[in-house]
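S.K.: Sharing a structure here in structure tokens format.
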Amino acid sequence: MTREELLRLDRAHVWHPFTQAQTAPEPLPVVSANGAVLVEEGGREILDLISSWWVNLHGHAHPAIADAIADQARRLEQVIFAGFTHEPAVRLSARLAQILPGGLDKVFFSDNGSTAVEVALKAALQVFRNRGETDRTRFLAFDGGYHGDTVGAMSAGVSSKFFEAWQEMLFPVDILPVPATWMGDAEVEAREAEALAALDRHLEANGRHTAAAIVEPLVQGASGMRMHRPEFLRAVVERLRAHGVLVIFDEVMTGFGRTGALFACLGAGVAPDFICLSKGLTAGFLPMSLTVTTTAIHDAFLGDSLDRAFLHGHSFTANPLGCAAALASLDLLLADDCTQARARIEAFHRAALADLGGHPLVTRPRVQGTIAAFDVPVAAGEGGYASAVGPRLKESFARDGLLIRPLGNVVYLLPPYCVTDAQLTRAWEGISRALSSLS
Ligand SMILES: *Cc1c(COP(=O)(O)O)cnc(C)c1O
């Protein structure tokens with residue numbers, strides 16, 4: 001198919017996500033990929049510095065994962081998961097139970113980050129119902145949290161401001177502040193104390209009616225790579241527990257080494273009651289997600305009657321190909337060279353941001369593991385996801401053959417772990433050029 005033909009058919013028949021088709025540039029046809037490099041139709045190369053919407057852990061088309069999927073596809077591609085089980089799902093669950101914080105040992109499968117969140121919210125509500133505590137029906141979430149695009153996930157992520165069109169279908173969720181911080185932030189402790197005081201007041205009044213709280217630990221992704229300190233996260237969890245509120249960590253983005261430690265909860269030294277995992281789970285090969293919880297919560301669903309059970313499931317639950325991809329990805333993730341690569345990327349980010357120190361268009365520089373971000377200052381009221389700065393930066397990145405996709409006025413890198421120093425050099429040089437194009 002020629003490029004012209006492909007784009008004509010795309011315009012005629014394809015509806016792209018998060019895209020205003022009237023004003024967006026034409027989509028770029030990609031024909032293959034390797035490592036951190038996407039190859040466009042015609043042979044032009046684009047360096048993928050955001051792991052293709054944060055999913056691609058080890059680089060594109062990794063042969064070990066491709067082989068694992070192909071082998072599995074020849075043996076068992078899919079089977080109904082009610083009344084049946086299979087080795088890839090069992091091995092993946094057992095392996096995750098070993099590397100997640102102690103106690104998280106029951107794995108529920110679904111297909112994407114949003115459904116992993118829905119499962120946690122639904123299970124949290126039902127666990128109290130099953131225990132006869134029917135007055136725990138409220139949910140708590142944090143300002144700037146994003147949890148996906150299905151109705152429950154939108155309700156929990158209402159403060160991310162992506163959901164104006166659907167206000168009428170959302171259920172009420174209590175939203176509390178998170179003190180985002182950055183390098184050289186002198187006032188973080190005062191802001192943390194304020195946020196914790198607000199949480200205390202809220203829990204005093206509503207704690208006993210609250211089933212669960214959902215949080216993106218250490219880094220709030222979609223609302224602009226907003227980072228908070230592990231000290232704050234630990235203080236939040238301690239308060240929630242004191243009021244019997246279940247804790248859901250949405251690690252859809254932060255999981256699988258993204259923030260340095262294997263999971264943000266391990267890095268912060270705190271264990272939730274539910275952890276939601278997706279994005280990096282299959283290293284970007286197949287859509288799959290997990291909601292992992294404790295035996296105590298799982299066992300609250302046991303009983304003689306079906307209505308105590310968790311009556312939720314999806315057609316492709318625990319797809320064996322996804323499980324095979326996830327197992328192969330874990331092999332790569334747990335190898336020493338991956339740990340070293342993540343540390344190398346973090347050190348590179350820190351040095352690059354230090355070099356940009358004092359640049360008038362670089363504020364609030366921040367790094368958490370392999371994620372680096374900063375804000376481009378904009379006039380009051382011109383920030384946020386719709387900021388005009390984003391498209392202008394994106395044009396410059398596109399000219400340089402870089403896939404970097406600012407979140408409004410927030411520039412960030414979230415590369416696959418195979419990214420080389422030479423590629424990171426190109427990325428940060430491209431950022432400098434993009435900033436120059438603004439002034
Ligand atoms: C992307 C994301 C989701 C939603 O995942 P989908 O697979 O896009 O449904 C949920 N939570 C967080 C933190 C995310 O980054």
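Glycine is treated like the rest: Cβ placed from N, Cα and C.
Straight from TrEMBL, here's the annotation block:
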type	residues	note
BINDING	W53, Y146, K279, G313, R405	substrate binding site
BINDING	G113, S114, D250, H314, S315	pyridoxal 5'-phosphate binding site
MOD_RES	K279	N6-(pyridoxal phosphate)lysine
S.K.: Tell me the Cβ neighbour count for G313 (substrate binding site), meaning other Cβ atoms within 10 Å of its Cβ, over all protein chains shown.
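M.R.: The answer is 15.
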S.K.: Cα within 10 Å of G113 (pyridoxal 5'-phosphate binding site) is the criterion; apply it to the binding-site residues W53, K279, G313, R405 and give the hits in sequence order.
M.R.: K279
S.K.: Ten-angstrom check, please: count other Cβ atoms within 10 Å of the Cβ of Y146 (substrate binding site), all chains counted.
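M.R.: Total other Cβ atoms inside 10 Å, all chains included: 27.
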S.K.: Out of the binding-site residues I have (W53, G313, H314, R405), which ones have their Cβ sitting under 6 Å from ligand 1?
M.R.: none
S.K.: Going by DSSP, give the three-state secondary structure for K279 (substrate binding site).
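M.R.: K279 (substrate binding site) sits in a helix per DSSP.
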S.K.: If you measure every Cα to Cα distance among G113, S114, D250, H314, S315, the residues said to bind pyridoxal 5'-phosphate, what is the biggest one in Å?
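M.R.: Looking at G113, S114, D250, H314, S315 as a set, their Cα atoms extend up to 23 Å apart.
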S.K.: Please identify, among the binding-site residues W53, Y146, K279, G313, R405, the one with the smallest Cα-Cα distance to D250 (pyridoxal 5'-phosphate binding site).
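M.R.: Checking each of W53, Y146, K279, G313, R405 against D250 (pyridoxal 5'-phosphate binding site), the shortest Cα distance is to Y146.
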S.K.: Any idea what DSSP makes of G113 (pyridoxal 5'-phosphate binding site), helix, strand or coil?
M.R.: helix
S.K.: Between the binding-site residues S114, H314, S315, which lies closest to R405 (substrate binding site), Cα to Cα?
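M.R.: Comparing Cα positions, the candidate nearest R405 (substrate binding site) turns out to be S114.
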S.K.: Using DSSP and three states only, what is D250 (pyridoxal 5'-phosphate binding site)?
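M.R.: It is in a strand.
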